[in-house]
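Feature list (source: TrEMBL):
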type     : residues : note
REGION   : 1-33     : region 'Disordered'
COMPBIAS : 1-11     : compositional bias 'Low complexity'
REPEAT   : 112-142  : repeat 'PPR'
REPEAT   : 144-178  : repeat 'PPR'
REPEAT   : 247-281  : repeat 'PPR'
REPEAT   : 351-386  : repeat 'PPR'
REPEAT   : 422-452  : repeat 'PPR'
REPEAT   : 453-487  : repeat 'PPR'
REPEAT   : 523-553  : repeat 'PPR'
REPEAT   : 554-588  : repeat 'PPR'
DOMAIN   : 769-861  : domain 'DYW'
Amino acid sequence: MMTLSLPSPAIISPPPSLKPSNPSRQKLPSSSTISPPFINLETHHSRLIHNHLHEGHLLKAVAALDFAAQQGDYPPDIETYSLLLKACIRTREFHLGKLVHSRLTQSRLDPDLVTLNSLISLYAKCGDSNRADMIFKSMGKKRNLVSWSAMISCLANCGRESDAVQMFVETLECGFRPNEYCFSAVIRACSNAENVSIGKIIFGFLIKCGYLEREVCVGCALIDMFVKGSGDLDSAYKVFDKMIERNVVAWTLMITRCTQLGYPGDAIGLFSEMIVSGFVPDRFTLSGVVSACAELESLTIGQQLHSWVIRTGLASDVCVGCSLVDMYAKCTAEGSVDDSRKVFDRMPEQNVMSWTAIITGCVQSGDSDKEAIRLFCEMIEGHVAPNHFTFASVLKACGNLLNSYVGEQVYTHAVKRGLGLDNIVGNSLISMYSRSGKMEEARKAFESLFEKNLVSYNTMVNAYAKNLNSEEAFEILNEIEDTGIAVSAYTYASLLSGTSSIGAIGKGEQIHGRILKTGFASNYCVCNALISMYSRCGNIEAAFQVFKEMGDRNLISWTSMITGFAKHGFAARALEIFHDMLRAGVRPNGITYIAVLSACSHVGLISEGWKHFRSMSEEHGIAPRMEHYACMVDLLGRSGSLVEAFEFIKSMPLVADVLVWRTFLGACRVHSDTELGKHAAKMILEQDPNDPAAYILLSNLYASAGQWKDVADIRRIMKERNLMKEAGCSWIEVENVVHKFHVGETSHPQAREIYGELDQLALKIKELGYVPDTSCVLHELDEEQKVQYLFQHSEKIAVTFGLISTSKSKPIRVFKNLRVCGDCHTAIKYISAVTGREIVLRDSNRFHHIKDGTCSCNDYW
């Protein structure tokens with residue numbers, strides 16, 4: 001278990017109180033001795049403004065300036081204007097700064113160099129690069145290095161990075177030697193993929209000038225450039241290690257960037273090193289390291305940090321509080337948001353950031369979408385105005401609930417708030433509609449976007465891919481390329497996800513070809529998506545080839561490969577990859593262990609499964625979640641140890657949810673244990689009375705036992721409650737076209753040819769010894785009708801179509817949305833023997849690699 005050993009935070013003593021002077025000892029002159037002095041109004045106004053600034057009363061200082069302006073002939077001096085501008089910039093009261101500039105213009109004083117540089121900084125901070133540029137150009141020969149540096153910084157901060165780089169070149173051409181602030185500004189302009197190559201050239205220049213090691217601001221800018229420009233954490237580390245002086249800002253930056261690039265463990269390690277080095281973390285440091293715990297799902301360390309936050313008096317800070325809310329939402333077992341809510345409720349001030357944090361936490365937890373919507377309503381009633389991030393999270397909650405009606409109401413509220421045209425809100429609306437299955441509305445929302453960016457296109461690609469419409473997804477890809485927008489890794493990952501959902505390996509291979517041409521072959525996100533695509537499309541060796549060719553692998557890469565081998569029934573290879581991952585120093589997470597336990601379950605490795613279940617908490621500090629308990633129930637249930645599985649459920653420290661009981665009910669169905677099955681179904685229906693899966697599994701259990709009256713009763717209840725069974729279907733991709741088949745399919749253009757071939761196959765496999773298993777027919781029919789019904793199953797039809805439509809040298813890959821029936825599994829083994837074809841069948845649970853009459857599952861499924 002990973003823990004932090006942190007020293008107690010320093011206790012800061014209050015400053016000693018100052019004794020007031022004794023007014024009785026101050027002798028005042030009598031009124032008769034006082035003569036009226038001459039008052040210089042210009043000096044008087046300046047002194048008054050100076051006094052207000054010294055006392056920290058900026059508003060009073062600006063009011064005094066306004067009063068002086070009304071006097072007309074006695075404006076303050078230029079030094080006073082300069083001090084006022086600096087105070088406005090420092091306090092971020094930019095509107096007051098603009099007022100000071102207006103009064104300066106009216107005064108007709110000639111601004112000095114310091115004042116002009118302050119004006120450039122003011123408009124840079126306001127995001128008004130055009131106004132800053134006008135002032136800069138008006139300076140003429142007055143410009144010094146500070147002026148050039150301020151203007152470069154302004155352009156970099158206002159999204160005009162190329163102009164900033166060009167201005168840096170002009171600075172050099174004018175004979176100025178850059179200082180640390182000038183270098184920092186231009187490096188910021190290079191902190192993107194477009195300019196990072198230029199940034200590396202400037203990096204070489206500043207090394208020669210000696211600014212790398214001795215200036216903290218330059219080091220921080222370089223760290224950001226390497227991380228943001230090219231995702232190069234190694235180079236960022238090298239810069240950090242070279243820095244002779246490091247302050248809290250540098251440590252915090254490095255911690256934050258490690259987390260953002262997917263290395264939260266390194267971030268926590270850096271935090272520990274920072275504390276040992278004697279630095280006191282501020283609210284931004286603590287916020288960053290708490291976020292690292294959230295990514296690592298390390299509740300233990302997160303709780304230690306929470307304790308540190310309380311002891312340092314930062315528990316009331318909004319920034320830290322939001323990070324804690326997010327951490328507890330991501331780390332707590334069962335996806336509970338109770339601890340997140342406690343942190344939120346104890347925050348003394350709840351603003352839009354904290355409300356958005358708790359709402360987003362509910363959405364991310366996976367089981368609190370209704371609570372997120374309720375909190376949103378509470379937020380509005382409390383007169384806190386939601387921002388675009390709030391609306392995005394609530395729309396996502398509506399999408400998760402498939403509730404477009406509420407989603408439309410939320411969007412109407414966004415429109416009233418003036419956020420209807422915001423891209424983040426618009427993209428979330430597209431996603432909400434697509435998740436609700438309303439692709440026409442999603443397309444309208446996409447077309448109505450005021451300005452489409454890459455995220456908008458990616459959202460639409462992902463929407464079509466998730467809705468199994470790969471043709472439309474490809475059209476959007478072509479549209480992106482036509483606009484000249486550079487396709488991102490996420491675009492390809494979305495397309496690959498869509499093709500893998502329907503098993504369209506041909507389209508997946510086409511995308512892989514485009515990836516190789518566009519230079520994304522080494523991208524983590526794309527490589528991981530390729531591994532998943534090939535694995536889910538039935539070509540596990542191609543997935544493994546992509547995995548082997550990856551130069552660097554992250555946790556997702558390892559987990560994807562372990563999951564792939566597990567789903568294909570290759571448990572030994574899955575566990576071998578897992579041990580390779582541990583030897584490589586990569587720390588597993590909860591998802592990795594789901595893959596490992598699934599691998600053990602698919603081949604019946606009970607003792608191995610128990611070993612890994614215990615090691616996840618004992619060796620890696622990962623608290624088992626409901627999915628891990630379900631895996632163990634599946635492992636025991638598949639092996640026939642139903643009583644042991646039942647006792648395991650009763651001993652769980654968590655209340656078993658529908659997933660666990662449904663897994664157990666499925667095992668009862670396989671092993672025909674009606675009594676335990678009835679109990680499992682009862683437990684499911686207590687939690688969710690409208691769960692159709694529970695009724696269907698129990699009905700199938702009764703049917704296999706010949707209890708037809710009980711079957712009829714369950715079907716009647718389902719009809720009364722309007723509960724529908726998902727229709728079984730199978731599909732196969734042939735020449736980039738997906739062909740889908742249902743039971744007794746007759747609408748296919750080649751239906752006559754398919755059934756003719758199927759009749760011939762039936763005769764051949766019966767000669768080899770195949771006997772139809774009519775117990776798989778869960779309807780009350782006579783034996784002849786049952787046999788006829790078995791040969792109308794969708795997987796047999798799809799396999800037969802594959803035989804008549806594909807080359808004999810290629811495997812036939814068939815996909816089914818439900819669990820393959822026992823008779824079809826047996827029949828397909830015989831079909832592979834009589835035809836000499838390799839058949840790969842993916843059902844809702846796993847892959848079956850069938851060749852020469854045997855299956856990779858060894859009939860253990």
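Count begins at 1; order follows the chain as displayed.
Placement of Cβ uses the backbone N, Cα and C atoms for every residue, glycine included.
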With DSSP as the yardstick, break the repeat 'PPR' (144-178) down into helix, strand and coil residue counts. 26 helix, 0 strand, 9 coil
Maximum Cβ pairs under 8 Å to the repeat 'PPR' (554-588) - stretch from the list 112-142, 144-178, 247-281, 351-386, 422-452: 247-281
Looking only at the repeat 'PPR' (453-487), report the model's average pLDDT. 76
Let's see if you can do this one: DSSP helix, strand and coil counts over the repeat 'PPR' (453-487), in that order. 27 helix, 0 strand, 8 coil
Spatial neighbours of the repeat 'PPR' (422-452) far in sequence, C-beta under 8 Å, 6+ residues away: 388-389, 391-392, 395-396, 398-400, 402-404, 407, 411, 414, 459-460, 462-464, 466-467, 469, 483
Please indicate, using numbers and ranges, the residues of the same chain that are 6 or more beyond the repeat 'PPR' (112-142) and have a C-beta under 8 Å from a C-beta there. 78, 81-82, 85-86, 88-89, 92, 94, 97-98, 101, 104, 150-151, 153-155, 157-158, 160
Which numbers of helix, strand and coil residues does DSSP report for the repeat 'PPR' (112-142)? 27 helix, 0 strand, 4 coil
